Amino acid sequence: MKALIQPVRLDDEKSELIVLDQTLLPGKVEYLHLTTQESIWEAIYKLQVRGAPAIGIAAGYGVYLGAKASAATTYEEFVADFNQSKDYLASSRPTAVNLFWALDRMAKRLETEKDQSVPELKAALLQEANQILADDETVCQRIGEYGAELLADGMTILTHCNAGAIATSGFGTALAPVYVAQDKGLTISVYADETRPLLQGARLTAWELVESGIDTTLICDNMASIVMKEGKIDAIFVGCDRVALNGDTANKIGTSGVAILAKHYGIPFYVCAPMSTIDIECKTGDDIQIEERPGAEITDMWYETPMAPAGVKTYNPAFDVTDHRLITGIITEKGILKPNYEESISNIFALV
Ligand SMILES: CSC[C@H]1O[C@H](OP(=O)(O)O)[C@H](O)[C@@H]1O
């Protein structure tokens, strides 16, 4: 399966993190060349780079670039500089666990290199950041292969937000099964929820799928019920930002509503989850912090004239939590997990 596009990569020679600016899609395919911690932080916060795995990859390279600039001459001084960059990048967005997973993975690598010189420490961090990217490519392909086992020629799926190539290393999670099925010669159609307020479904998923030649129908989020009721949807595939040990899953706002509708209409609902997005420290979804974003994303974007009266209050949670009892299966790189999720998730982590 070929990568549609690589949303995050490093130019180590120029000490630049090169990021596909997803806020400009689908109209413009442009890249940011980020050299400072501030610009990397901002790119994550503004969703110029977004999607749990892509955020993790960006964080790995971001903290490497921060450490690369260190003038430290001792391990202790270097670690202090590393931790300053790590803590700063960790403050960009709270929900996607991949951000913290990647930063912690980089810190753990540093701990194993205590006897190395500072140049060797920098080389080790670069290697680890590259490995985070490479691992995600393998993981997404495996999720695609397992997920494709659930698809048959002529099936139609619905998805919410964007958990595609540009949200990951280039292969996607929720869209990976569609890409694998396409490579196998199957015809799969997709209904994409536009996903207000930031329209990742309209701007990103529809763009990816149309670019890939997949039959795609864009709908408003409030149309998900009628397409399910009319029998148009055979299965639902979504991504995730943090999966708790019991299988409760945080994903883009609106996902839990789709899952409730799916249950009502008897449609299978799958979460595509790299193990890097499963947080076994979170016992249930109640332990997951939900990012709240500015109300202007609801009122001021996408419309020439104000779509709401000045002074109106807003509430803009960027994610919600889908109860594990609504999830038919969790598709991971180790296979398709079925309930009891606390048991099946514990098993795959014990296998690692
Ligand atoms: C494989 S991407 C996972 C997840 O991330 C997205 O959130 P955001 O666009 O805010 O970064 C969305 O919830 C995707 O499903």
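Heads up, the Cβ atoms here are built off N, Cα and C, so glycines get one too.
The annotation active site, proton donor is assigned in TrEMBL to Asp241. Asp241 (active site, proton donor) falls within neither a helix nor a strand when secondary structure is assigned with DSSP, and so counts as coil. Sequence-distant neighbours of Asp241 (active site, proton donor): residues of the same chain at least 6 apart with a C-beta under 8 Å from its C-beta are Ala52, Thr95, Ala96, Val97, Asn98, Ala250, Asn251, Lys252, Thr277, Phe319.
Following the DSSP three-state reduction, the secondary structure of Gly51 (substrate binding site) is coil. The annotation substrate binding site is assigned in TrEMBL to Arg50, Gly51, Ala52, Arg93, Gln200, Asn251, Lys252.
The number of other Cβ atoms within 10 Å of the Cβ belonging to Cys161 (site 'Transition state stabilizer'), over all protein chains shown, comes to 30. The annotation site 'Transition state stabilizer' is assigned in TrEMBL to Cys161.
Only Cys161, Gln200, Asp241, Lys252 of the recorded positions listed as Arg93, Cys161, Gln200, Asp241, Lys252 bring a Cβ under 6 Å of any atom of ligand 1; the order follows the sequence. Neighbour count (other Cβ atoms within 10 Å of the Cβ, all protein chains): 25 for Arg50 (substrate binding site).
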